[in-house]
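K.L.:
Structure incoming, see below.
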């Protein structure tokens, strides 16, 4: 029972809500049915909307109910009957994955989505994903999601909604489809009373080899209005206490939620036609037919439901006129009035064809004659499956009638439903509401033609006795003497009513409209500060959906590489609003530019590079702003100019392939059809160029928002070759724990691109030089383009290009060769027995199952079959490199080799300078692993390296080579590295099942976006180098990064000695560093360290033993939640056959005492140190070996004594 004080509190709260005009809603948190999954947060934490196919809405206003699948499936369940089901999944970065390589939310392989995998059955299969029960969708409810599928062999995708006994098909498609950036689905559910469920199904044939995936489901404006104690001024108060805007009364939709806004008592003076029983007062001239969806669908573009009943059994009008023929519907005659507006609300449907057109005319009756029709509305194109609401207010001094004209394009349909005349639309006296007669002319075409000098085909422009075809309109080249063919092609100051050809194609509550500045209020003047001036302004529209406003140009192109759009814009909005420019090509949108966070309200000049594009493409302004929000929110565009777009105009820089990017980008320009782009940037922060360290370079960040798509292109203008061979040299930068692939290719007209060079994964935080020989066909008509492509098969890191140079003649031999793209100029000798191959099919010549570079069957290597039938015993097969330049100092030539299990013979390495000298000889049985070989090279003249395979006469034997590299400095001992010249024999190992992240290589002095030690251990300065890994990129899920040694021979006892560094803030969860021994018997963790550590280098010694060949693996991982900080390694030393020696404690600098507590703490630490040493001495007497020790590096304050002791199994270590 509620006490008087309780009643008083409730009364006070109720009165406060009354006085403030705010929502007053009882708390329904404990109601399991009525207040759950209805798109309204009844609980303060919105817990009543959890697991409803979405999660509770954000506290930020105007945000949708969303499920991005990052936490869980949000209640979506698989109800498929076959063995293949929808699952919440996450992709790796591997290109051989059947599903998407990234999600849509994050755009990386760390994100989650719902997917159904490969179907290998003999019959077509349908997989269905169903939502939980949802309740009460508003008429404005819109479901948006992103989908991905392999378009080659998926039969159909469907989105259905089931309520009561009826299932509505909201959307269905048989393609085409594309990757994440290309396909967003937005469907309007319409008003749904009571409970309903949504299902997404994919039907695939028996040969489908790819995955179907869904991500980022959003429910926009689905909740019914909540009861209000008092409505804003002018709003209608519904019977259920909800509030709706005045224009929502009698509009044919249940906006209140209880249909009181459509009460016949309120709407009795409106003339509404829903076509359920006929045409009402409207008259069909030709082309329209009344129909419904159930059992009548003649194509997928046919309306699946009407608007009035939101049912497949509801009636509507649809145009059945042949393409090119206009269907006309006209109203009865209404009285004219200058004192009020006659409002006409209507719903139309345009779907299936870009050639669909709909127009609304008003035809007035003068004193003696009927006046020509006046066009009030015109829409064309593909608007999706929604019924779009619009409204016109007609004020006429003379009687008038309304004409509705529709023309369908190929495969498309135009529909009409719910034609509603307001109470101010009064019939002419004596005119029946059931029928009327048409007097006067009607439009026989949607676009009435003026008199022309010459008849041209449809779509052609007549000028100067010419018929300009569509592909030459807006191609940035003037064909007409007066330039009529380029008049409405995007360039405009909006002073002309044609608006430069920009056309609003919005379907929601916002629209683009040419407006006069002094009337718009936001802003009050145009760009030229003229109050009477015009600009393209974002305004309110009569649509019911909260969709973006869109304005589109006519078809443009082709354009040249220097094509730019210049404009001024105004943008002021809350954080959820945006203003953007996109390019539409072949149904896909590429985001070119987005306005930064809300400006101060003034006009801003902006230049946007469009670049070289093929015909046809269109430009589109897209914006979403809450015009009713606080402040002067709004968006506007003015003075749009397309400059330097003629593709036939060339400049001197177009032939400049050599470029340091200091002045401009020379002949290089960015490619398109992806939201990821190369940018010419100036050195700043962690990004620096190669030329000066402070200049410009080309930069690609695969995570740079809104980067999406498979990759980014950087290519030259077409070039004319002048010599048969040229050498292209360039500097590249690949850095990051999971950076993708950088490729170089040559493109010739009419031919497939030829891959010339590629690198994958991190190459350390430094610039590397590479060169490639270009082979040309010297024919006058043969031109070529060079193109770099940065592939987004990795998402953490950056790519850079700088200092391109082209010279006549061939290049020197490459310093690095992975054989992924070519044979790198290696010559197989007279017999040609060395071949480049991979084992992807499993049916190729004899050789390793996987390569060393990628660790996959798709990777390439060089191999020679040493079987006696091809290479008799004692015979040799040589593989010779191109010439290397003279060496100014000693260098290390390293390579990875693979010998077949049975002894294939001897692999010898020679260096050919003025004479030929043998540097290395390898023989014996092989195995299943790639092994590292290395030789020290000194050469004062040009030299070559020769690999020679001498056969032993064993059947089914081979020798293989991969990853040949030349680095400055002498070669390191096996398992050892000071990291001053690179990673030595240590390399990235893929983490099982998830691809992997790479350890990186850097110095403290080199700028980097990732935290790392400020100095190394080897030299103790910022110029020294080390290996490191940034743990923050791992994310949850137990992933790790592995750095593995070369295979090491079996050992009874050996000592591993290294220095490590951890830099984790104390308030973060910590990462872990582990040492694993990996062999064919499995993996064994022999040491680990985690937790917060002070930023310092610590020493570790571990004694290891193994009865078979093994690898040492350093694993960087997380103990739980994501950590923020680096783990680093330096001075790794593997002492084969030696016991570890107790390290001498380092003498760090002694800090002067600053306070009594510090002195007391120091004494206590000294006591603990002596106690620890005494304990160690006692352990020594007990004959227990010290298997692992830590010590602090010289030059660092060792405030805490750090020691780790690991007791290893006897199978791994042995007592001294």
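Each position is counted from 1, following the chain as shown.
Glycine too: its Cβ is placed from the backbone N, Cα and C atoms.
Keep in mind the model is a prediction, meaning the values are calculated, not measured.
Not my notes, these are from Swiss-Prot:
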| type | residues | note |
| --- | --- | --- |
| DISULFID | 231-243 | disulfide bond |
| DISULFID | 238-256 | disulfide bond |
| DISULFID | 250-267 | disulfide bond |
| DISULFID | 456-467 | disulfide bond |
| DISULFID | 463-480 | disulfide bond |
| DISULFID | 474-489 | disulfide bond |
| DOMAIN | 27-54 | domain 'LDL-receptor class A 1' |
| DOMAIN | 62-224 | domain 'MAM 1' |
| DOMAIN | 229-269 | domain 'LDL-receptor class A 2' |
| DOMAIN | 268-427 | domain 'MAM 2' |
| DOMAIN | 454-491 | domain 'LDL-receptor class A 3' |
| DOMAIN | 492-647 | domain 'MAM 3' |
| DOMAIN | 654-813 | domain 'MAM 4' |
| DOMAIN | 812-973 | domain 'MAM 5' |
| DOMAIN | 972-1142 | domain 'MAM 6' |
| CARBOHYD | 205 | N-linked glycosylation site |
| CARBOHYD | 291 | N-linked glycosylation site |
| CARBOHYD | 341 | N-linked glycosylation site |
| CARBOHYD | 368 | N-linked glycosylation site |
| CARBOHYD | 639 | N-linked glycosylation site |
| CARBOHYD | 839 | N-linked glycosylation site |
| SIGNAL | 1-21 | signal peptide |
| TOPO_DOM | 22-1155 | topological domain 'Extracellular' |
| TOPO_DOM | 1177-1216 | topological domain 'Cytoplasmic' |
| TRANSMEM | 1156-1176 | transmembrane segment |
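Give me the structural setting of these features: burial, nearby parts and distances.
P.N.:
Here residue 256 (disulfide bond) comes close to 224, 225, 236, 238, 239, 240, 242, 244: these same-chain residues lie at least six apart in sequence, with C-beta atoms under 8 angstroms from its C-beta.
Annotation note: residue 267 (disulfide bond) sits in a helical segment as assigned by DSSP.
Within 10 Å of the C-beta of residue 480 (disulfide bond) there are 17 other C-beta atoms, taking all protein chains into account.
Counting only same-chain residues at least 6 apart in sequence, those with a Cβ under 8 Å from the Cβ of residue 489 (disulfide bond) are 473, 474, 476, 500, 501, 553, 554, 556, 642.
Over the domain 'MAM 1' (62-224) the predicted model carries a mean pLDDT of 82.
Long-range contacts of the domain 'LDL-receptor class A 3' (454-491) within the same chain: residues 324, 498, 500-502, 553-560, 563, 565, 615-616, 619, 640-642, 645-648, each at least 6 residues beyond the stretch ends and with a Cβ under 8 Å from a Cβ of the stretch.
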K.L.:
Nearest to residue 463 (disulfide bond) in three-dimensional space, by Cα, is which of the recorded positions 243, 368, 456?
P.N.:
456
K.L.:
Provide, as an integer number of angstrom, the distance between the C-alpha atoms of residue 839 (N-linked glycosylation site) and residue 456 (disulfide bond).
P.N.:
60
K.L.:
I'd like to know which of these glycosylation sites, 291, 368, 639, 839, is least surrounded, judged by other CB atoms within 10 A.
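P.N.:
Ranked by other Cβ atoms within 10 Å, the glycosylation sites 291, 368, 639, 839 bottom out at 368.
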K.L.:
Among the disulfide-bonded residues 243, 267, 474, point out the residue whose Cβ has the most other Cβ atoms within 10 Å, with all shown protein chains included in the count.
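P.N.:
Buried the deepest by this measure is 474.
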K.L.:
Between residue 250 (disulfide bond) and residue 291 (N-linked glycosylation site), what C-alpha distance do you get in Å?
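P.N.:
Answer for this pair: 24 Å between alpha carbons.
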K.L.:
At the level of the C-alpha atoms, what whole-angstrom distance separates residue 456 (disulfide bond) and residue 480 (disulfide bond)?
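P.N.:
Roughly 15 Å, rounded to the nearest whole number.
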K.L.:
Considering Cα atoms only, can you say which of 267, 291, 341, 368, 467 is the nearest neighbour of residue 231 (disulfide bond) among these recorded positions?
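P.N.:
Looking at Cα distances from residue 231 (disulfide bond), the smallest one goes to 267.
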K.L.:
What does the structure give for the C-alpha distance between residue 639 (N-linked glycosylation site) and residue 291 (N-linked glycosylation site)? Integer Å is fine.
P.N.:
47
K.L.:
Round to the nearest Å and give the CA-to-CA distance linking residue 480 (disulfide bond) with residue 267 (disulfide bond).
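P.N.:
Between the alpha carbons of residue 480 (disulfide bond) and residue 267 (disulfide bond) there are 55 Å.
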K.L.:
Using a 10 Å radius around each Cβ and all protein chains in view, which of these disulfide-bonded residues has the most neighbours: 238, 250, 467?
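P.N.:
Highest number of other Cβ atoms within 10 Å: 238.
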K.L.:
In angstrom units, rounded to an integer, how far apart are the Cα atoms of residue 243 (disulfide bond) and residue 291 (N-linked glycosylation site)?
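P.N.:
So the alpha carbons of residue 243 (disulfide bond) and residue 291 (N-linked glycosylation site) sit roughly 35 Å from each other.
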K.L.:
Which whole-number value in Å describes the distance between the Cα atoms of residue 341 (N-linked glycosylation site) and residue 291 (N-linked glycosylation site)?
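P.N.:
That separation, Cα to Cα, works out to 32 Å.
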K.L.:
Determine, using Cα-Cα distances only, which of these recorded positions is closest to residue 368 (N-linked glycosylation site): 267, 291, 467.
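P.N.:
Sorting the recorded positions by distance from residue 368 (N-linked glycosylation site), the top entry is 267.
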